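Enquirer: What follows is a structure written as structure tokens; I'll ask about it next.
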Amino acid sequence: MWNDTQMTEIVIPPVDWRVATQLSIIFGWASVLLVIALFVPRSRTRIVGYLAMVGAMVAAAVGIPLWGVNAETFSGMLRLDSYSLTLNWLFLAAAAITMVLSLDYLPRQGIERSEYYVLVLFATGGMMLLAQGADLIILFLGLELLSIVLYVLTGFAYPRNASEEAGMKYLLIGAFAGGFVVFGIALLYGATGSMNLRAIGETLAQQTLTLEERIYLLAGAALVVVGFGYKVAMAPFHMWAPDVYEGAPTPIAGLLSVGSKAAGFAALLRFLVEALAGEWQIWAPVLAVLAIATLAVGNIGALTQRNVKRMLAYSSIGHAGYILFGVIAAGAPGGIAGQRGVEGVLLYLIAYTFTNLGAFGVLIALEHRGEAAWDMSDLAGLWSRRPWLAVAMAVCMLSLAGVPPTGGFWGKFYVFTAAWLSGMGWITVIGVIVAAIAAFYYLRIVAQMFMAEPAREVPLPMDRALRAGLALATLGVLILGFLPTPAIDLVQRVVLGG
């Protein structure tokens, strides 16, 4: 029997619900919608979509009074600061635009089901966990939640074989990525005795690790980076991206290219800067080589594509290389380079989110004929057939190319400047050269739309929801380009702590 001396009191630490407010709204509302969806007939699926968007907007609005909060809860595992709050807003915006674009797409493709919108909300919650995670366990939980939901959404267009194949490929490769992260976490815990990112960084700064422990730490860190490298489609862990993007439902391909990538970089940046800042001299050159390899693979692959959806997949790989420039700079010792690195990553992700969602939105508008709408020839003479669509696609292509005055220009400018200030001038020069070469395949699409002979087919009219989603994405790109000051002020305040 137990006696009083053997009993230990269990103390539950207080919970700061400000930190978990947005997460609670998203997960709670998604769970409610899952029940509501059971009673909504298939012909009224849009109701669930509208309700899901309301939940995303409420979660975003609730975050406004939380600006300036810098707090942790659940024993330091979950953190809310200006960095994570900004990324949460970005994820919620991406989810809302994705759902708007899906309202017309799903019924046209015959895959309209209520659970689609619920799954998008759960995916958004996974992204937010990756942004707010201050502990390796939370980062892994967010990674797995996001991945599992996206496996389902990628294969959502069953019984279309391409979608099922894409879902299976993503599942198999994602499982390997998760395995790398788990092994990496085990080694990091074995070396430092902690899973908290700041605690790992403090242990490393004290220089009390033995040689064996330091080897375990670096090996564990490498495995975690490999795992997140799969998530952001960083070379040589990019192999899944073209096939998965092509086979996935087009709105989900857009969400994969922006939300999943942004969440992966959010976690990777926090991990490297907080836990491994003391080893910058080791991991920065390695990431620099991987960044150049990612640029090369992505842009060379995109140059050879006639399928616009696959081209955007390779383009997404290439853009991961540019974002890595900012990640490298963010961990650099000294003030200005690190600050500019974080600013560059955030600004690039904001611009890239609106740009890529707009580009995929145009493909959705043309997809009434199935896969043929993804061929370069389907864009021929688009200016004559649908001027508004041609302008939207041109704006997005120019932004992806980094042409001023679009949002993409400011993103590239900041990450290139950050890399230069960090002492990595050689990757900056290579990045500028590659960006100039990459402009060819973006401008090729613009020329196809405005200068080629128009196709004979008469396109179907666009749904109002699709028009609204495209307008939001395109206006976001233009506003970031012509009026960048608010976005720049926002990311600068993030670095300065609000």
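Here the Cβ of each residue, glycine as well, is placed from N, Cα and C on the backbone.
Keep in mind the model is a prediction, meaning the values are calculated, not measured.
Below are the features listed in Swiss-Prot for this protein:
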type: TRANSMEM; residues: 19-39; note: transmembrane segment
type: TRANSMEM; residues: 47-67; note: transmembrane segment
type: TRANSMEM; residues: 114-134; note: transmembrane segment
type: TRANSMEM; residues: 136-156; note: transmembrane segment
type: TRANSMEM; residues: 171-191; note: transmembrane segment
type: TRANSMEM; residues: 215-235; note: transmembrane segment
type: TRANSMEM; residues: 249-269; note: transmembrane segment
type: TRANSMEM; residues: 317-337; note: transmembrane segment
type: TRANSMEM; residues: 345-365; note: transmembrane segment
type: TRANSMEM; residues: 389-409; note: transmembrane segment
type: TRANSMEM; residues: 420-440; note: transmembrane segment
type: TRANSMEM; residues: 468-488; note: transmembrane segment
Enquirer: Between 19-39, 215-235, 345-365, 389-409, who has the most Cβ pairs under 8 Å to the transmembrane segment (249-269)?
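Expert: If we count Cβ pairs closer than 8 Å to the transmembrane segment (249-269), 345-365 scores highest.
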Enquirer: So which residues does the transmembrane segment (345-365) touch in its own chain, when a touch means Cβ under 8 Å and the partner is 6 or more beyond its ends?
Expert: 83, 86-87, 90, 93-94, 97-98, 101, 104-105, 250-251, 253-254, 257-259, 261-262, 265, 269, 308-309, 312, 316, 319, 322-323, 326-327, 330, 373-374, 386, 389, 392-393, 395-397, 399-400, 406-408, 410-412, 414-415, 459, 462, 466, 469-470, 472-474, 476-477, 480, 487-488, 490-491, 494
Enquirer: Where among 19-39, 47-67, 215-235, 389-409, 468-488 do we find the most Cβ pairs under 8 Å to the transmembrane segment (420-440)?
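Expert: Looking only at 19-39, 47-67, 215-235, 389-409, 468-488, the most contacts with the transmembrane segment (420-440) come from 389-409.
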Enquirer: Does the chain bring the transmembrane segment (215-235) near the transmembrane segment (114-134), so that three or more CB pairs sit under 8 Å (pairs 6 or more apart in sequence)?
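Expert: These two stretches do not touch.
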